[in-house]
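A quick write-up on the structure given underneath.
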């Protein structure tokens, strides 16, 4: 062997000379003793060849060669015996690779604790069931009877009311009246000259009169519902009405005794939201069951205050447009998945990005954002989720964080256009918003500029949050694991050497040089891995393998699916043209689904229906009911009232800035915790009310942009904040990957805060500095 070392110069010899330049004369008996106690894996390393040869010359070669001998060395002066042939024993981590043996008493305590938690959980849930079941059995549905009548000029209509046990009465009148908003917009002279109906109560005392401004167009086919609450002294009253108009005024009249107190309703609403989030965050029960439980409890709360809805009214609370759109697109995606198109697109994306990690991730996200500007973002997520999941499975990436990114980008892209996100559709179709001059063109112009800045902010924030790309992977590669393992062995061996003599220092220096070399190798390997989703040297072979494995399976069905999708997308575009806007988005998607079912010519559609996310649809239905119940309990109007009060207290020159900040942050924060579809339905009324209030004198359009930025982007804060998030989670669970509320919150909420900060700066510059409006 010495001959070979002397006469044959190889690459290995040059390599070991670099890391083992130790004069043989420095080795001592102490060095020999320590060398014998080191593990075989270290002693046989080429970089320590010269030391090993010298120790062999000094003696006791047998102890070095004995692979079964246990190597003894110390860590922090504590001796540890380790088998040489078990290298995994060197990788010591706290509380890992050790089996914890619990005593029978501990196991019994654990089982008892588990039973206790189960009984507490079931008692809590069954308590809710008993509560709302008992309420439904004892409280009737609210039956509102309107009395149709008319007031003749010069006459007073009298109606006797049985109010002996009432503290208040709510009078509802439907007739040819101005809305409360339009009436508030009248200046003092216009209000004084307007014809009015006067309503008051007479009993032991006379109440303050309620004046209702009449519309100039006395259209009796359509009326405006106006409400007013009179406070009573628990005596009988007579309701009196007269008109100041010169013609007969017809109306429909109804009343409620002891109407819901606003503060009490708000407390109920906050409690219900709190319970919903406790059930979802701590995963006490499935999120769909949690939404069903809390929404049913909200109906019981309404019943307690005399507002229990009838079944037809309850059905009217459901946003059938959204539910039908989701169902139809799920059918389309289910059939398209059979063609293999999603697998093919996954391989194509991998090929275009050449296996580089961040380009791969952000290409998927940007495609999703761009599609969401023209398609509804829920539709986009349904189309892109299977592609993303398949690609992640192929590349050994964790689909959950990448799906979260995709849902976030879909909400961002959907913010740019009136058809991209359900809240945009709700706001863009509002009559007051249309009257304010907001159309498809200026909507897209104002919103898309801000969206560009938000995309940049989100990209930078995601890269920072996931600067450790191992968070995006399911496993650490075997090569990196092996290298970490080797470094651990060498480091522990170096740390085990005591400070005894120069000979020991010689060995330690050799070990340290080896550790430096391994660390450099690890750094290079990790740097390369952080850039790529797969190693560069295996990219081509993996690509060939993927192309052979993931092909289009049914080209005929793919062509039929393309026809249906092109039809749906085309009509979606036409939806933005007023003259061609005769079919809703949901109806368009349903027509496309029916077309594809006909073209596919399936005798059995059960397999397709099995792929529909029924739990997601049920979750949305429960949320719609809950949000409408919270609205009836007064939560949204309470928040709007607070906003108006705050704005009124601010100096007139600063009101626009304060109104913009309040609108975007209130709607954004609420949208994170309340689904943004029903929230937008309520908040658009609040914003229109603020924008048309003559006391505030604020422009409407900036407030609308602030509401949309808040409602659309605030949905990125939590799992149930936006429809796209919930749909994405449903698709992931169908493929075996679980989204948790907490996991999404940790990623989405910081990004949402970044969204709102960027939008706040953008709106202030555009509308307070340059006055774009």
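From the backbone N, Cα and C atoms, a Cβ is placed for every residue, glycine too.
Look at TrEMBL and you will find 118-139 (among others) tagged as transmembrane segment. Here the transmembrane segment (118-139) has Cβ contacts under 8 Å with residues 284-285, 293, 296-297, 299-300, 303-304, 308 of the same chain, all six or more residues outside its ends.
What TrEMBL records for 265-282 (among others) is transmembrane segment.
The average pLDDT for the domain 'Citrate transporter-like' (277-710) in the predicted structure is 82. Summarising the annotation, TrEMBL assigns domain 'Citrate transporter-like' to 277-710.
The transmembrane segment feature in TrEMBL is assigned to 326-350 (among others).
Per TrEMBL, the feature transmembrane segment maps to 357-375 (among others).
The transmembrane segment annotation in TrEMBL covers 445-466 (among others). Long-range Cβ contacts of the transmembrane segment (445-466) within its own chain (Cβ-Cβ under 8 Å, at least 6 residues beyond either end) map to 358, 362, 366, 369, 373, 401, 405, 408-409, 412-413, 415-417, 472, 701, 705, 708-709, 713, 747, 750-751, 754-755, 758-759, 762-763, 766, 772.
The transmembrane segment annotation in TrEMBL covers 557-577 (among others).
The transmembrane segment feature in TrEMBL is assigned to 583-600 (among others). Same-chain residues lying 6 or more positions outside the transmembrane segment (583-600) and placing a CB less than 8 Å from one of its CB atoms are 320-325, 327-329, 331-332, 335, 376, 379, 419, 425, 557, 560-561, 563-565, 567-568, 571-572, 575, 608.
The transmembrane segment annotation in TrEMBL covers 612-636 (among others). Residues 260, 262, 265-266, 268-270, 272-273, 276, 286-288, 291-292, 294-295, 298-299, 301-302, 307, 314, 317-319, 322-323, 326-327, 330-331, 334, 674-675, 677-679, 681-683, 685-686, 720, 723, 726-727, 730-731, 734 of the same chain lie 6 or more positions beyond the ends of the transmembrane segment (612-636) yet place their CB under 8 Å from a CB of it.
Sequence-distant contacts of the transmembrane segment (656-674), counting only residues of its own chain at least 6 positions beyond either end whose CB sits under 8 Å from a CB of the stretch, comprise 273, 277, 627, 630, 639, 643, 646-647, 650, 680, 683, 687, 690, 696, 698-699, 702-703, 706-707, 709-718, 720-722, 749, 752, 755-756, 759-760, 763-764, 767-768. Per TrEMBL, the feature transmembrane segment maps to 656-674 (among others).
Counting residues 6+ beyond its ends, the transmembrane segment (703-727) has Cβ neighbours under 8 Å at 280, 287, 322, 326, 377-378, 380-382, 385, 407-408, 410-412, 414-415, 421-424, 427, 433, 436, 438, 446-447, 450, 454, 613, 616, 619-620, 623, 659-660, 663-677, 679-680, 683-684, 687, 690-691, 739-741, 744-745, 748-749, 751-752, 755-756, 759, 763, 767 in the same chain. Taken from TrEMBL, the feature transmembrane segment applies to 703-727 (among others).
Annotated transmembrane segment per TrEMBL: 747-770 (among others), in sequence order.
Panel annotation: around the transmembrane segment (326-350), residues 360, 363-364, 378-379, 382-383, 386-388, 390-391, 394-395, 533, 543, 546-547, 550-555, 557-558, 561, 564-565, 568, 586, 589-590, 592-593, 596-597, 600, 608, 611-613, 616-617, 620, 723, 727 of the same chain, lying at least six beyond its termini, place a Cβ under 8 Å from a Cβ of the stretch. Through the fold, the transmembrane segment (265-282) approaches residues 290-291, 293-294, 297-298, 301, 305, 626, 629-630, 632-635, 638, 673-674, 719-720, 741-742, 745 of its own chain, all at least 6 residues removed from its boundaries and within a Cβ separation under 8 Å. Under 8 Å from some Cβ of the transmembrane segment (557-577) lie the Cβ atoms of residues 332, 335-336, 338-341, 374-376, 417-419, 440, 583-585, 588-589, 591-593, 595-596, 599-600, all in the same chain and six or more residues away from its ends.
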